[in-house]
């Protein structure tokens, strides 16, 4: 291709038009952000109204989606936020194009030979937004870029506080009591759900000749396996259902987001390779999945433990503003560091949150404890509300979605069959040893609680380069909307219908904490203590939690917190020089939290 160049007829106008364009785009950006913020204000007021009048058939998450749909409808059909842009063709010849002002788009048509037939593909480069591909030759309009946010905003800005808050607000007592069952749901359940969904859709799409590759459907199965039952858990908290059921549903949703993203990335990278699908390739993919997941887990835990050590060995607690800032920054570093070293930030930030809650929280001042809890709760709520609102908006305005109703119908059938396929057999297997057993009505509720939300949407929206990926993105959006509105709205009725004990029907010592006047669950600060003299584990009698509890109480807590006895009491004498260095003045004085 010979060199081509653009030349303005009046170069001195360049600065004028650039300033004019930047000013117009700034106003448009501000208008769109104002619209979303205004919707969030309405959402907060509506949430208060619903809590005040105890209206449970439409949860605020469902209402947020409805608001998003209304905003998207107005943007689409009333031309709100429309920016008319210009597109010019870049011809592969040595020509000078006479322009009055800089264009918004450049289109370069490339001829590609495939099977002795020349095919044309139009590649576009927008001077501000970046590069993308499109088979159609058309004039692009700014509305698609100004109302459709980059998926990286979701992954790097909005999702980390949601996932961190899930780990930071974890109720350790009930979680670790059910840790074996939760891990089975997370690892076995998510994997089975991915495979069953992919296989069922592969069979159905083959029968109806829809042209989907098996790897694409496995990617869809992985991303759609990420459950986000925020609506159901809110109803659980308000009705104070049996804590073991709450722990199972919450634990699965908190951890399977991390598994789903690693599984999606592993399958997606595997599908882009030229390797054949054989046993060695599958084994390599499985090993890569385990490496990425557990390396991310370890990295996030190390960052959380490092924060705990810093807050223990310094007197930064005397300055709550600095302490809180350090806590927030280190928590975000766990996400960014994992992404930089090509691991998964979502896994890292989740387990960083768990470690921060278990260790760092106990070293912090009372003011910092309250501030961090409230900060992440508020940021998580606003981020989740914004995402649900944008999901509704994207139904109408996103340019990276292509609707296919038969595929949507098949996908809805596949995801519920896949969820039932792993929940009932897995619960039957767990019940062989588990006490108390997971009752049938609890199993039905776990299946019903499989809502899809922010994570599934973000994963689907991250890659929409092909037509099939655009169909998958649109299908994911539809599934999120339908499950949140239908399953979320009927959660209260389903609890009553299945006869699940809640509220005053269960003893107070076994119920979930009551909510305060604002409808939020009261925070219980667990004291930092070591095992009782009998050596019994207050969390669980299972082997894995018991072994971890003993190690945690004898080494991790004395090392990372001000717990007594200190390392000098629990470690062998030859380690005392090192143990003394990691023993705080507070521990020396015999004080404890």
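Cβ atoms here come from the backbone N, Cα and C positions, even for glycine.
Looking at 267-288, 289-310, 443-464, 509-530, the stretch flagged in TrEMBL as transmembrane segment turns out to be 289-310. Counting residues 6+ beyond its ends, the transmembrane segment (153-170) has Cβ neighbours under 8 Å at 253-254, 257-258, 331-332, 335-336, 339, 345-346, 349-354, 356-357, 372-373, 376-377, 379-380, 383-384, 386-387, 454-455, 457-458, 461-462 in the same chain. As a quick check, the transmembrane segment (217-236) and the transmembrane segment (330-354) miss the bar of 3 or more Cβ pairs under 8 A, pairs 6 or more apart, so the two do not touch.
Sequence-distant contacts of the transmembrane segment (405-430), counting only residues of its own chain at least 6 positions beyond either end whose CB sits under 8 Å from a CB of the stretch, comprise 180-181, 184-185, 188-189, 192-194, 196-197, 200-201, 204-205, 208, 210, 212, 220-221, 224-225, 438, 443, 446-447, 450, 452, 471, 474-475, 478-479, 482.
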